[in-house]
Amino acid sequence: MKKDKSLGLNALLNSLQSLLNLIFPLITFPYVSRTLSVGGVGKYNFANSIVSYFILLAGLGISNYAVREGARLRNDRKAISKFASRVFTINMASTVLSYLCLFLVIFLIPNLHDDIVAILIFSVQIFFTTLGTDWVYTIFEEYGYITIRNLVFKIISVILLFIFVRHPNDYLNYVVITVIASTGSYVLNFLHARKYCDIRLDFHFRWNDYLIPILVIFGSRVAIQIYLSSDVTMLGFLQNEYIVGIYSTATKIYGIVGTLLTALTAVTIPRLAMLMGQGRIDEYNQLLKQVINTILFVVLPGIIGLFMVSQDVILILAGEKYVRATYALKITCFAMLGSAMSTIFDQCALIPAKREKKTLISSTTSALLNIGLNFILIPIIAERGAALTTVLAEFTMMFMNFYFSRDITGFVFKDKETWKNIITVLLGCGGIVVVCALSYSIFQQMFVRLVVSVICSVIVYGLILLVTKNQVALIFLSKLKQK
């Protein structure tokens, strides 16, 4: 039996990966946004949003299902190999279906013909995402391998970017580089997966035993992807490529910060699934409470901080021509709380408890709300309308997922210690507002103002939480002293 990997080490490695996901866009995003035209950025993101639906179709709900079921089998190579081969076979079948649907959609919708080259290049990712079997590495909590792999291919993509993307009309080169970076890592994934299990095509099994739970999870993933991608897609149809470029800039920054802030969630999902699957409920409850309190400790100040410095962040990363994205970013940043908490209730409670049908209800409701409001608000207030609908959809899903998981997660919010932690975090957020406001009134140079705001906000926030005896802050300080 393989020894459980350190959750702290996994969190550190995943945080490092998230840091890489932050650093590299800080290098590439300003370069791309300044080199390509706003329309070029819009074309890139529009084509990417179209293909994302078909990557989702190819993936079904397989990744979530595989992590939940595979976490219980990972110490038995024969059992996990049998399971992985069957899941991989289903995934390949859905990939073929996805390509057929993509070609049909391109043929039937004339509006897509102008972007057909970018769409077809992006579509290469459909096959290689399936081949990549990322879920194997999540099951085995191999965050060290994932981090090293990502670092190597990010460096390669940055080098290619600076060589081949040098003019406003080079957006297709950018598409190709994006695809090369992802497909390379997926090929390496497939070859390296032999270390953990033997994956082959296997058509001789009862497909219904796998397809029914997979398709229920898939319904939820479809709904989530709809409200994640429909904003860009609908802006492309209802507005224009310039507005898509503006909105994509705001959501890109939101995504970078959100990924960094919620790094802990990703590493706890397989561990929580394993604990629940093995009936270790006391350990599960202890870890779940720790995760929820830590997420609130990190995400709430992240939201307030990003809101306060959003204009400077836009100007530094994207430039003056994207300043209009400031309002969309200010609105969208609040979606981080809904997204983070919804993910916990869904991935850490409902999915491990095999309540896929509940997540389907919440995600479908949120998607329908998002699409309906997009039709109303995008024609009126463009990218700000899309940002607002995203926030409303995320919070709708959060509240519904909590309601459906309240018997599992509710104890955390009945704990006085949790509410004490929340109150101290809110006091710390007040300190961030004061620091950023003072920084804006004192410093005129934009970069200096941003750096001072961030550093001083972290210091003031930490001091307030230590003075008010926030449990997460005290535990963090204790671990630092031990090192």
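Placed from the backbone N, Cα and C atoms, the Cβ positions cover glycine too.
As annotated by TrEMBL, transmembrane segment applies to 12-32, 44-67, 88-110, 147-165, 171-189, 210-228, 253-274, 295-319, 325-348, 360-381, 425-443, 449-477 (among others).
Two recorded stretches are said to be in contact when at least 3 C-beta pairs lie under 8 angstroms, sequence spacing 6 or more; the transmembrane segment (171-189) and the transmembrane segment (44-67) meet this definition. If you count C-beta pairs under 8 angstroms between the transmembrane segment (425-443) and each of 44-67, 147-165, 295-319, 325-348, 360-381, the highest count goes to 295-319. Note on the transmembrane segment (325-348): residues 64, 220, 246-247, 249-251, 253-254, 257-258, 261-262, 265, 268-269, 272, 288, 291-292, 295, 299-300, 302-303, 306-307, 310-311, 313-314, 318, 359, 362, 383-384, 386-388, 390-391, 394-398, 401-402, 404-405, 409 of its chain, located 6 or more positions outside it, place their CB under 8 angstroms from a CB of the stretch.
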